[in-house]
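Residues annotated as disulfide bond in Swiss-Prot: Cys234-Cys236, Cys268-Cys271.
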Amino acid sequence: MSDLPDTDFTQRFIFDERDVRGEWVSLDDSYAAVLARHEYPQPVQVLLGELMAATALLVGAMKFDGLLILQARSAGPIPLLMVECSSEREIRGMARYEADQIPAGATLSQLMPDGHLTLTIDPVKGQRYQGTVDLDGANLSECFTNYFVQSQQLNTRFWLNAQGGKARGLLLQQLPRDRQPDDEEREDSWQHVVALAKTLKPEEWTEGNETLLHRLYHEDAVRLFDIQPLRFNCSCSRERSGNALVSLGEHDAKALVDECGGTVEIDCQFCNERYFFDASDVAQLFAGGGTDVASETRH
């Protein structure tokens, strides 16, 4: 099989003779789409790309119908990183940061001190799940590894990389006992696949997925599953922005229009699209007319 072209996808794989599964993610266009909408400093670009890769890996590894949201928060120079990805594999991301407090080469602990990571699964049906842990690691790869070892009680490792406008990720997870019933054999097997993954060099991350996996595990029987494409898509809309105004109540919404000089601007923090509502738009919203009569929408 030849390598897949540069595109956006996740791909699961399994070791036929080991109790280990894996997942690979490649994000080119969707990561570029996020970066094109904001002038993020390099350290912010890297962390946001890594968080996008982690989110896509989790969507690929979990079975649910709905939305997965990852938020990293802190009181530091980067107070928020946020990525959303749907079960249809539509992804978007954003960051908030203090531009004058982000030196080149800053570490995660410097950029997000005392931070925490929140994972939310918002299903189409059923109850919402949310879990929060400290950002306990030298980098996001370590943070996610620690999160899942604690929550799932299974050996799990993440490797995340973002460079040159491309984001990549690798997930390895030990499966429940099946092919290898012996404890020592299972542990040796796990350490084997992890040790090989640790040999990945920075310049190798942007190579084709099959080339890379073959280089790492050519002595193992590795079975690749079909790729699952991803794409950037922002779920914002004029209707949602109008609903946000309606939630304020008619009196406060009209007062806000007056305070803003006759036109309220609502910005999407993900894609930078701007929605404008004047007094007649707000009156229509509360008259039950919806948002059909539009003031401007701008990028």
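Yeah, the Cβs are placed from backbone N, Cα and C, and that goes for glycine too.
Mapped onto three states, the DSSP output places Cys236 (disulfide bond) in coil. Of all Cβ atoms in the protein chains displayed, 20 besides its own lie within 10 Å of the Cβ of Cys271 (disulfide bond). If you draw a 10 Å sphere around the CB of Cys234 (disulfide bond), it holds 20 other CB atoms from the protein chains shown. In the shown protein chains, 17 other C-beta atoms lie within 10 A of the C-beta of Cys236 (disulfide bond).
Note: the Cα of Cys234 (disulfide bond) and the Cα of Cys268 (disulfide bond) are spaced 9 Å from each other.
Around Cys268 (disulfide bond), taking its Cβ as the centre, 19 other Cβ atoms fall within 10 Å, counting all chains.
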